[in-house]
């Protein structure tokens, strides 16, 4: 199963027919405006329709088109405006600023839809021989510039290779508990196909509904339940990659000391070495039962300490997610604004004040999956640690509500951008001993740089964060920031505003012991900071691998290495 591209927003997130998550007239808009220090009502800044945009003419010549059609078939080569606009960029805030403004100058010359590994390999070999740029594209959910088609200054023909017709579950090894699927299969389709056999991969990123297996591996992604099921680099067993040097089949063993494991070069390669055509991955039985619930903490530090102790005690949880005070306040208020409080709500508020949880509390969500015995064990052991570190049980409702809407977060961005607001995310990870330092440094950097870009008196941004992936030695920090967009400088001014904030946040991450990306990847957005993290020898090694496999640099150029 794949998704009809014309049913999706070419310059936003999700289906074209989906209702706005924050409709006009919602009382939330007045509250958001007040929190940002701007006047209400907010301005209307709708995205341009494609019919009002100019898509640059395709540079695809007749001879090249004929060869592409010989490889994939005439019906699988597209040069129409919608296909080329849809595949021009990914889904980052930066991408959407360009797309919503109608600037599609970097659209590929063509989009091709191969249906087999053989066709992909032939495409790659043809592109390498003809010096044609290829950009792999699955769901297109990259938020770091990872699927931008024609980079600035690129003069070669540029073709986007959409893998979503390669969407089959190929095999399951129920003894070894591994499965193999084609790279273009979307998350829901893969989950359904596996569940028909009573198993799952367990990889559930926020982009799950509109991202693919190949993209998860290419970006070295992490699902929301990574504590139980692992990140992409942990669950990947082997991969097939179509490269300019030939079809690369990485090793498939449960463990090996035969030199470095080359799967680790594929995971995180972001299409710069080749196009992933299929992957073999670890699978797990569909859990007998699930238990998701919430707790309140008086401080972010107490909640983080509880997560650390739970993970280091090896208690089998699936998900641990701690919102800082600002994120807790933002989402609690957003969900309740305009609603009248009942007697139960007032009693609950009074109880929290009495217990000391009313002043900037933090919400911890915890999820457990598995057999009834293991879930009961994990719940009870985790509860004891949480109580000892100052947590207050808030019941199942916060956990079940989060799980029901866990893929809906990106749907809030489009209506916010329709109302003159900017909203972006970034993430990092660090050791437990550095969590508070990094959290404060990045929060301050975003808040300060945002304020510097605003000219209205009293205007400010909203900065919030959460821990969402935890390990024995550390955890990730995921930041979301909302801010009034500057409109006086046009599109260039809005891009510069975003760059100012992005640079400040990334500099703070690099200077305070964080990785430039925990699971979003590098793309073009994070490439300027990669050298600080990898060092000269590391960068030389990565460049040598790239140049060896792709000597002409036709595979997704300027991503990762810049």
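Backbone N, Cα and C define each Cβ position, glycine as well.
Note: TrEMBL annotation is automatic and uncurated.
Quick look at what TrEMBL annotates:
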- 478: active site, proton donor/acceptor (ACT_SITE)
- 136, 137, 138, 139, 140, 141, 142, 270, 271, 272, 273, 274, 275, 276: FAD binding site (BINDING)
- 413: substrate binding site (BINDING)
- 104-286: domain 'FAD-binding PCMH-type' (DOMAIN)
- 321: site 'Important for enzyme activity' (SITE)
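Feature map: annotations from TrEMBL on the structure.
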| residue | record | DSSP class |
| --- | --- | --- |
| 136 | FAD binding site | strand |
| 142 | FAD binding site | coil |
| 271 | FAD binding site | coil |
| 321 | site 'Important for enzyme activity' | strand |
| 413 | substrate binding site | helix |
| 478 | active site, proton donor/acceptor | strand |
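Ranked by Cα separation from residue 140 (FAD binding site), the recorded positions 321, 413, 478 are led by 413.
Taking CA atoms as the reference points, residue 275 (FAD binding site) and the residue listed as 'active site, proton donor/acceptor' are 29 Å apart. Annotation for residue 273 (FAD binding site): same-chain Cβ neighbours under 8 Å, separated by at least 6 residues, are 241, 243, 248, 265, 266, 545, 546, 549, 550, 555. The Cα atom of residue 478 (active site, proton donor/acceptor) lies nearest to that of 321, taking the recorded positions 136, 138, 142, 271, 321 as the candidates. All protein chains considered, the CB of residue 478 (active site, proton donor/acceptor) has 23 other CB atoms within 10 Å. Comparing residue 321 (site 'Important for enzyme activity') with residue 271 (FAD binding site), their Cα atoms are 30 Å apart once rounded.
With respect to residue 413 (substrate binding site), the closest of these binding-site residues in Cα terms is 142, chosen from 136, 138, 142, 271. Sequence-distant neighbours of residue 271 (FAD binding site) (same chain, 6+ apart, CB under 8 A from its CB) are 135, 136, 146, 147, 218, 555, 556, 559. Least crowded of the binding-site residues (136, 138, 140), judged by neighbouring Cβ atoms within 10 Å of its own Cβ: 140.
Pairwise Cα distances among 136, 137, 138, 139, 140, 141, 142, 270, 271, 272, 273, 274, 275, 276, the recorded FAD-binding residues, top out at 19 Å. Proximity of residue 142 (FAD binding site) to non-local residues of its own chain (separation of 6 or more, Cβ distance below 8 Å) is seen for 90, 91, 92, 215, 219, 520, 521, 523, given in sequence order. Regional average pLDDT for the domain 'FAD-binding PCMH-type' (104-286) in the model is 98.
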